[in-house]
């Protein structure tokens with residue numbers, strides 16, 4: 001049993017690197033199965049968001065370099081380049097890292113709640129792929145419980161702050177009166193839903209949701225009195241949009257420089273504020289070169305986020321202590337589980353010996369032996385048989401110089417200090 005958490009995030013890698021290491025939802029099942037097959041991993045899960053791509057693995061013998069090499073090969077990356085941005089956590093540290101991530105303690109926005117849902121999705125996909133077994137499954141459940149405790153017992157989640165909130169905060173800085181602004185949201189996932197909620201609460205004049213499928217866009221639009229359109233309608237909507245915020249799972253850019261340039265001409269160069277939260281990016285970086293365009297990537301949100309963190313810093317220490325306690329408790333319980341099979345086999349052996357001696361006793365009673373004699377023989381026979389194998393093994397180990405076995409036997413059988421010394425003294429006298 002050995003746990004491994006390996007990956008990159010917003011603190012170790014730029015958006016250029018992160019978008020090259022990201023997994024699309026369509027890739028995950030096949031990638032997980034390949035990961036287990038090619039790296040000798042017994043269980044695995046992949047968490048891939050705009051801010052991080054992480055692999056959670058259970059192996060008999062840890063081989064982080066093999067896993068890192070697989071990740072580089074899968075995404076056609078130079079191994080040394082990937083290694084420069086990657087981090088590796090093993091066993092206790094891996095457990096603690098997973099719990100910190102799920103609790104929002106390792107997020108770009110401290111305490112942001114979306115990461116827990118993303119972690120649950122990673123677990124669900126791994127179950128679908130058949131790459132989660134009993135050990136990683138227990139770890140995920142313990143991780144979810146730890147994150148829930150942090151949310152319930154600390155103020156880490158108060159004063160809602162998220163990447164979505166940061167994007168809207170930037171929009172407020174550029175457009176003093178959002179009630180006169182029109183917004184185009186590209187995508188219909190969790191982040192865009194949060195953006196739509198924030199914009200709606202601020203009274204934005206008109207919100208349009210563009211998505212690959214009109215059905216998904218319509219479901220989201222109905223919640224906030226918005227309009228739903230297809231991705232093909234984006235060029236027309238750009239002309240009317242003061243704010244554009246995009247977050248899809250597309251592997252290719254959705255908005256190019258030419259389309260935005262055309263929209264600006266029709267807008268008579270009225271400014272457009274754009275935030276690209278997606279990884280890989282939805283908006284070509286060259287769009288930012290245009291006059292009258294304010295383009296921000298997810299990495300540009302750091303300053304806004306820093307301001308919003310202040311209210312949560314006080315709760316962070318208490319949350320860290322809860323996570324550490326949760327990780328320690330999980331590892332203790334997991335190590336206890338390692339003894340279950342041995343204890344089960346030992347109990348079965350004891351019950352077999354008991355049944356053998358009991359059968360002998362019953363035969364003696366049937367043949368007329370006194371109950372007292374039978375009980376004495378039963379007790380003696382059971383004692384001798386139960387002690388035979390441990391006695392033989394203990395003598396063998398000490399004869400081989402394994403004196404640590406004596407201390408282990410004293411602890412295992414609760415014999416108390418000096419038991420072995422007193423018996424040795426008697427034999428020497």
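Using N, Cα and C of the backbone, Cβ positions are placed for all residues, glycine too.
Values in this document were obtained by computation on a predicted structure and should not be read as measured data.
Annotation comment: Swiss-Prot describes 49, 50, 51, 52, 107, 112, 113, 114, 118 as substrate binding site, evidence class sequence analysis. In sequence order, 9, 10, 18, 107, 108, 163, 279, 298 are the residues of the chain that are 6 or more apart from residue 51 (substrate binding site) and have a CB within less than 8 Å of its CB.
Look at Swiss-Prot and you will find 50 tagged as active site, nucleophile, backed by sequence analysis. Long-range C-beta contacts of residue 50 (active site, nucleophile), restricted to its own chain and to partners at least six residues apart, with a cutoff below 8 Å, comprise 18, 22, 163, 191, 247, 277, 278, 279, 298.
Marked as site 'Important for activity' by Swiss-Prot on the basis of sequence analysis: 97. Take the CB of residue 97 (site 'Important for activity') and look out to 10 A: across all protein chains shown you find 25 other CB atoms.
Counting only same-chain residues six or more apart in sequence, the Cβ atoms lying under 8 angstroms from the Cβ of residue 190 (NADP(+) binding site) belong to 114, 117, 118. Look at Swiss-Prot and you will find 187, 188, 189, 190, 191, 192 tagged as NADP(+) binding site, backed by sequence analysis.
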Checklist entry - Would you say which of the binding-site residues 113, 187, 189 has the most Cβ atoms within 10 Å of its own Cβ? => result 187
Item to check | Residues that sit under 8 angstroms from residue 192 (NADP(+) binding site) by C-beta distance, when 6+ apart in the chain | outcome: 164, 185, 186, 209, 220, 245, 247
Item to check | Residue pair residue 97 (site 'Important for activity'), residue 189 (NADP(+) binding site) - Cα distance, angstrom, rounded | outcome: 26
Checklist outcome for this item: Across every protein chain in view, the count of C-beta atoms other than its own within 10 A of the C-beta of residue 118 (substrate binding site) is 19
Item to check | By Cα-Cα distance, the member of binding-site residues 187, 188, 189 nearest residue 113 (substrate binding site) | outcome: 189
Checklist outcome for this item: Neighbouring CB atoms within 10 angstroms of the CB of residue 49 (substrate binding site), all protein chains considered, total 25
Next on the checklist: Give me the CA-CA distance between residue 187 (NADP(+) binding site) and residue 49 (substrate binding site), in Å, as a whole number.
Outcome noted: 15
